[in-house]
Amino acid sequence: MYFLKLLHVAFYIVFTLLRIPLWALYFLFPSLRQHPQWTYRQALRVRLFRTFLYVVARIRPLESLSLEPGKEGPRFTVMQPAHDDAYTSILRCDNRILPTPIGGTWYPSPPPPHSHPPSTNTPLILHFHGGGFVLGNARPSDCGSLSSLLLSHTPATHILCPAYRLSSYPSTRFPASAQDALTAYLYLLRTLHIPPTAIVLSGDSAGGHLVICLLRYIAQFGTQLDIPPPRAAWLWSPWCDVATPMADPGVVYASPQYATDFLPDDELVRWTRECWVPAGETGVRVEDPYVSPLGHAFVAPCRVFAMVGGAELNFKEVTRWCGEMGEVKRNEVRLWVEEKAPHDILKCGGIMGFEEEAARAVEEAWRFTKEG
């Protein structure tokens, strides 16, 4: 079976190489581009990136997350789990999956010891990368460009990107990534003693889902477990509706944005469904609020900024989730729509030619945050 899959991928790559010159000519005509406002560069790059992800989703590479510093040297850190009592309820739904040490990379460098801690004017950003819970490693090859973007367009001086466990093995499916999100946040609070008012939680795509999950956990158990809320949360194309595509991965084809997004066919969704969703014996259904946030509004413990592209598959679910959250009394939620942007331009905008739109969204996120 795997040999047949590789054969299919090899054929597809050869077929794609033959089509690239045709795409290069095809997109010279603005009326033939995926979006009427896209430039030639954007149209061609989105098409190429979509093809690349199609291949990745079919190969399903297993990404190894090492706790060795490697080339990152002192920029790499290992975060130990907090006390067992910090992980309760949904984070203990599978007794085979326990909190474990995780790695993380600092951008541009770790905060100097004994220096003035970050403040409300110079926040520290804790960013969770995207990748459908099956891709990504938080190192510069994965998070370098988005970290540069955040550092260039906000007053933040340091960013920590945790390498949470990917769901490539039975021992690392949900709630492993959610446990790791809490581990990283408590590392800043209890090990580095960063004031919570100086921390901004940030996450793109699946990482945005992790931020929502962490906010819900803080809202539900923060007082009981002495976990204070952060200053703000930034969500970049967050995955809000997990239940619908998990039930029917083919639903992606019904979206008007399917033609304009770089996310490939349903194979990536199937990969996540097979590897990440809670095991059946846990009793946690895919409709659970911690698994699929849409339709389960709650009182957010901090201000929430959410950015979504008008040309991405997540557009409808993100706008609906923000609407639900905005209707909850006391919530402060800002939705920012980049009308012609595809999915996750914070992380992938540089690849596809949406640098300007991504920078504008980051500046708006900080503007919203400092208003509070």
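FYI, residue positions are counted from 1 along the chain as it appears here.
Using N, Cα and C of the backbone, Cβ positions are placed for all residues, glycine too.
TrEMBL lists 6-29 with the feature transmembrane segment.
What TrEMBL records for 125-345 is domain 'Alpha/beta hydrolase fold-3'.
Feature annotation from TrEMBL assigns active site to S205. If you draw a 10 Å sphere around the CB of S205 (active site), it holds 28 other CB atoms from the protein chains shown.
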Tertiary contacts of the transmembrane segment (6-29) (same chain, 6+ residues out, Cβ under 8 Å): 40, 43-44, 47-48, 51, 54-55, 58-59
